[in-house]
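Structure record follows, encoded as structure tokens.
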Amino acid sequence: VLIRVLANLLLLQLSYAQESSELVIGGDECDINEHPFLVALHTARSKRFHCAGTLLNKEWVLTAAHCDMENMQIYLGLHNISRPNQDQKRRVPKQKFFCLSNKTYTRWDKDIMLIKLNSPVPYSTHIAPLSLPSSPPIVGSVCRIMGWGATKSPNENVPHVPHCANINILHYSVCRATYGRLPAKSRTLCAGIPRRRIGSCLGDSGGPLICNGQVEGIVSWASKPCVHNGAPGMYTKVYDYTDWIRSIIGGNTSATCPL
């Protein structure tokens with residue numbers, strides 16, 4: 001019954017996160033010391049960040065495949081766009097890796113990209129990695145989202161500092177009831193707070209969904225406008241790709257993602 005109610009309440013137009021321009025809706029400014037693994041992606045011609053990502057070690061960043069762009073610049077150790085941290089660093093990609101050696105992905109599968117930096121970054125107060133998941137999150141888990149994405153939608157208001165919010169892992173059937181066009185199974189996580197407007201928005205794409213101190217998800221896509229009527233968001237399920245991630249980082253660049 002609950003699923004049917006949600007389906008009736010949440011009549012939405014689908015859009016990839018990059019199309020709906022997501023930032024954290026309903027959140028507050030992150031503490032400057034709580035996100036040393038959070039990176040910002042943009043191009044020199046962009047006036048705001050295009051996407052976010054997660055630092056896995058000194059040379060590797062995890063983000064969404066749909067965040068790929070030409071002339072990408074990667075900022076690490078950043079908090080306030082207007083006031084750089086002393087240990088802030090900038091890098092560019094040396095190599096990019098996708099599941100199928102190309103940018104083939106869907107709303108429910110393979111929206112994941114690994115970036116090898118052109119040179120390692122030193123760890124510091126504001127630069128440190130986040131661990132890959134040791135197990136998938138369970139329904140009901142409280143998880144953390146963060147990013148420089150829009151704090152309002154559809155009239156986007158982009159902040160100078162990252163915003164953070166807590167959301168819950170929901171049963172996949174909730175997202176299926178909300179969006180209608182999803183397959184019976186997918187390598188994604190459904191997360192949000194039903195009937196509350198808290199979630200990711202423009203600019204948050206590629207950033208982490210953090211559960212128990214591990215990166216469990218990658219911001220992939222959501223409703224348009226963001227979190228419309230409390231609609232949940234979809235996140236790439238990192239646990240399903242851990243073998244591929246470790247293989248690529250370990251030097252097996254021909255590794256393929258799970259089918």
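Backbone N, Cα and C define each Cβ position, glycine as well.
According to Swiss-Prot, the signal peptide annotation covers 1-17. Feature annotation from Swiss-Prot assigns domain 'Peptidase S1' to 24-250; the stated evidence is sequence analysis. According to Swiss-Prot, the feature disulfide bond maps to C30-C164, C51-C67, C99-C257, C143-C211, C175-C190, C201-C226. Annotated active site, charge relay system per Swiss-Prot: H66, D111, S205, in sequence order. Annotation source Swiss-Prot lists N-linked glycosylation site at N80, N102, N155, N252, citing sequence analysis.
Only C51, H66, C67, from the recorded positions C51, H66, C67, C164, C190, place their Cα within 10 Å of the Cα belonging to S205 (active site, charge relay system). Neighbour count (other Cβ atoms within 10 Å of the Cβ, all protein chains): 35 for C201 (disulfide bond). Checked against C201 (disulfide bond) by C-alpha proximity, the disulfide-bonded residues C30, C51, C67 yield C51 as the nearest.
The secondary structure of C143 (disulfide bond), as reduced to three states from DSSP, is extended strand. Annotation for C143 (disulfide bond): spatial neighbours P137, N166, I167, N168, I169, A191, L209, I210, C211, E216, G217, criterion Cβ-Cβ under 8 Å with sequence separation of six or more. Taken residue by residue with DSSP, C190 (disulfide bond) is part of a strand.
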